[in-house]
Amino acid sequence: MHLTLWATHEQQPHALDCQTQFLQRGVETTLQIVDKINPKFLRQHPELALVLDHKGLHLAAAGMQMQPDWIGQLARLKRASHKNELIARACQTEQQPTIIDATAGLGHDGLLLAWLGARVTLIERHPVLFALLQDAHLAASQHAELADTMQRIQLVHGEARDYLTQCQQSGSRVDVVYLDPMFPKGGHKDQKKQALVKKEMQILHQLLPDNGTMDLGEYLLPLAQHIAGRVIVKRPRHAPTLTAAIPQHQWLGDACRFDGYFQSRL
Ligand SMILES: C[S@@+](CC[C@H](N)C(=O)[O-])C[C@H]1O[C@@H](n2cnc3c(N)ncnc32)[C@H](O)[C@@H]1O
């Protein structure tokens with residue numbers, strides 16, 4: 001994979017570090033130092049690229065920018081409770097569970113679970129998304145209101161299939177495995193809602209193109225069932241279940257739902 005890395009002059013030393021880390025993870029970058037990165041600049045350079053400025057590391061495409069921005073989630077986090085968030089009810093956050101979020105993405109779901117008291121291991125295999133997560137974790141660790149929560153989050157760069165298999169082989173158990181694999185772009189029943197897909201998802205879909213071979217992650221469910229008494233799968237509200245297995249419980253939201261699979265022997 002090859003991407004341009006746009007950086008401002010002040011960020012040049014950090015940009016060189018980033019380049020080395022990306023290379024170690026198989027991503028080649030061409031560093032371009034520029035005076036200013038603003039909306040006009042981004043519109044003039046619409047191709048998918050990395051951006052490093054005073055706000056940290058971003059992905060940019062089609063004039064839009066995207067980063068996990070965990071600090072920007074604070075308003076939502078402060079409104080969240082064990083009761084009013086379906087994901088919290090599904091994952092039983094009031095019990096301060098240990099959770100593997102095997103498909104971290106931007107880490108927003110994992111962040112919410114950790115904020116509500118869970119110990120969360122976030123697994124992300126894409127090297128660019130993983131770098132964005134590391135940057136978000138570092139920035140949030142230095143924020144007074146998020147520092148505690150960051151201590152409950154561990155980041156793992158890798159393939160969840162391998163991680164879950166290793167857990168199974170070594171007899172490791174967690175309370176919950178949470179899965180939110182990619183869903184094909186045209187797969188929503190409601191085309192109007194599809195048109196409103198958030199800019200984050202539009203950029204994510206450019207990074208993880210749906211070229212007919214998208215990994216839908218169905219193999220993760222049976223693996224997860226070996227290591228957690230509770231597996232929660234996030235799906236678009238009207239999407240089919242991840243596999244033929246029937247969930248024992250569903251929590252229904254406006255746009256998405258959470259399917260619960262419980263293993264009483266664990
Ligand atoms: C829909 S996004 C998850 C969004 C996430 N729940 C959030 O709150 O931002 C799915 C992510 O899972 C990652 N992923 C999918 N399958 C994976 C696997 N087998 N191992 C590791 N990461 C995986 C993808 O790279 C993508 O970033």
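From the backbone N, Cα and C atoms, a Cβ is placed for every residue, glycine too.
Pulled from TrEMBL, these are the features on record:
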type	residues	note
BINDING	E124, R125, D180	S-adenosyl-L-methionine binding site
D180 (S-adenosyl-L-methionine binding site), number of other Cβ atoms within 10 Å: 21
8 Å Cβ shell about E124, R125, D180 centroid, S-adenosyl-L-methionine site members excluded: D101, A102, T103, A104, G105, L122, I123, H126, L129, A160
Cβ neighbour count (within 10 Å, all chains shown) around E124 (S-adenosyl-L-methionine binding site): 26
Cβ atoms near R125 (S-adenosyl-L-methionine binding site) (within 10 Å, other residues, all chains): 18
Binding residues E124, R125, D180 (S-adenosyl-L-methionine) - maximum C-alpha distance in whole Å: 13
